[in-house]
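Per TrEMBL, the features are as follows:
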- B:12-32: transmembrane segment (TRANSMEM)
- B:53-80: transmembrane segment (TRANSMEM)
- B:92-114: transmembrane segment (TRANSMEM)
- B:157-177: transmembrane segment (TRANSMEM)
- B:198-217: transmembrane segment (TRANSMEM)
- B:223-241: transmembrane segment (TRANSMEM)
- B:365-386: transmembrane segment (TRANSMEM)
- B:457-482: transmembrane segment (TRANSMEM)
Amino acid sequence: MSQEAIDQFLAWLQADKDRLLLVGGLPLDELAAYAAAHGFVFTVEELKARQALVHLVEGT
Amino acid sequence: MLQSLASLDGHTLILLCLSLGIALAFEFVNGFHDTANAVATVIYTKALRAGTAVVLSGLCNFLGVLLGGIAVAYSIVHLLPVDLLVSVNSNLGLAMVFSLLVSAILWNFGTWYLGLPASSSHTLIGAILGVGLANAVREGLPAGAGVNWHKAVEVGLSLFISPIIGFVLAGGLLLALQRLLKNPALHRPPQGDAPPPPAMRAALILSGLGVSLAHGSNDGQKGVGLIMLILIGILPGVYSLDADLPSRETAAVRQAAARFTDYFDAHRLEIDKAYAKGTIRELPEKSSAVNCDVHGAVAASEAIQHQLALYESIAAIPAGERWELRTDILCLDDAARIMQGLSGNAAERSEIEQLRQTLRRPTEYAPSWVIMAVSLALGVGTMVGWKRIVVTIGEKIGKTKLSYAQGASAQIVAMATIGLADGLGLPVSTTHVLSSGVAGAMAAHKSGLQMRTLRSIAMAWVFTLPAAMLLGAGFFFLFTAWL
């Protein structure tokens, strides 16, 4: 599911500020594992690709 | 080269290694600064796996520097006025080189560390303009004499227009693709783990690699230009002229100088009139730089012919005399540039341009080891950059989407625009071209105008350019007082 799973995971995080704070400092592999444990399956590379796209769109 | 290194004293050797290290670090930082842009589309669309995309992008950056030529490199170098370029083997020249390097790397690395939008092209060009202007202030010259404004306007226009071209053409290409390609899957963001349809996948991969190739060519040459300034400044006897220039081309340089002697002799009256009218201005006498003016053109031209008549090739010229020949070539070229601007005849201007290119040939070159070192720094920097991407979980990351067709449109246009700039010898901001291409494709798809892209591009002009100019000027004053 990858990118859709990232969307769903972000929506799930944003629904609860405590969850968002909890993952704020996690290394990427732990973040992906945390997401997988809650049913959102994506890889670290897919998450980085989404961040790279943000850089591309923002021109940074 | 090793022989010349052995003849250096310890202090100069340290200076050389330090400055080469900083210049290569600038390229390395440039590589990892831009990785995300180069590979974002192909990885996000699953056209390629991340590891494969990053390695291929690094290789294409490497090849881009190797195959890109040196026209952009010398476009950057010639932002500085010829008076400063011919004094580059002095302490003033060393202060110039170090100011450029330190300001460029500090700003590039600092903005990356702080997550601020920046453009390495604006940084480097700002630092060069700052150093040129600071030198004019230091010499008591008018600000207009501190920078080669003709070149600065050319480079400024290139930086300004290229994102607009990217925006308009990528939007236009997307609209064309929407009419031609009716498969709705091509106009949606990627879904699931499936790769794009085969033809679109090929287009995404090839254009993505093309962007990396063009990036390597344009951005790599900025580093090549910097390194040539360093080498000419620290080892003028070895690097001030291309010792490998074939005898045939050396003879062509001599012939070009002879043609200029005839030209300046034939236009003596017009030159005197231009001085009298103020069209050509006399510059005040300077303390540290060589005086290059139109009055001295014939003497410089005759000196070039005399030197090249004595020796069959550049390699045969003793190291101590090469610097004078380089100075004469640059002074004559600058005088010819002024005359080219005065000429009202297009055919004559074109002929002068061709003669100038021939004349400058021994001074505009880069040894293969320099190109190889920059290629490696940029290539490795690109590969490392992917590992250094820091994910910031937040609202923005959740809203960003890109369809296959939008990604391909932006990449194809960016590849063509940067490639065209390479061909014209003009520097562009690869990040700005690619991002404005994405913005154009999004606007055409009615996904809205990306204000964040506009803000980043505006920041480079109103923030990075002045900041780099101030840093360049500040370090120049500091280093001239210190060296």
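Cβ coordinates come from backbone N, Cα and C, glycine included.
The model shown is predicted, which means the values in this text are computed figures rather than measured ones.
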| query | What else in the chain is close to the transmembrane segment (B:457-482), if you only count residues 6 or more beyond its ends and a Cβ gap under 8 Å? | reply | 91-92, 94-96, 98-100, 102-104, 106-107, 111, 116-119, 122-131, 133-135, 137-138, 160, 163, 429, 432, 435-436
| note | The answer for the transmembrane segment (B:365-386), taking Cβ pairs under 8 Å and residues 6+ beyond its ends, is 1, 20, 24-25, 27-36, 38-39, 50, 54-55, 57-59, 61-66, 70, 73, 212, 216, 219-220, 223-224, 227-228, 231, 239, 242, 244-245
| Excluding the flanking five residues on each side, which residues at least 6 beyond the ends of the transmembrane segment (B:157-177) place their CB within less than 8 Å of a CB in that stretch? | 121-122, 125, 186, 405-406, 408-410, 412-414, 416-418, 421, 424, 426-429, 432-441, 443-445, 457, 461
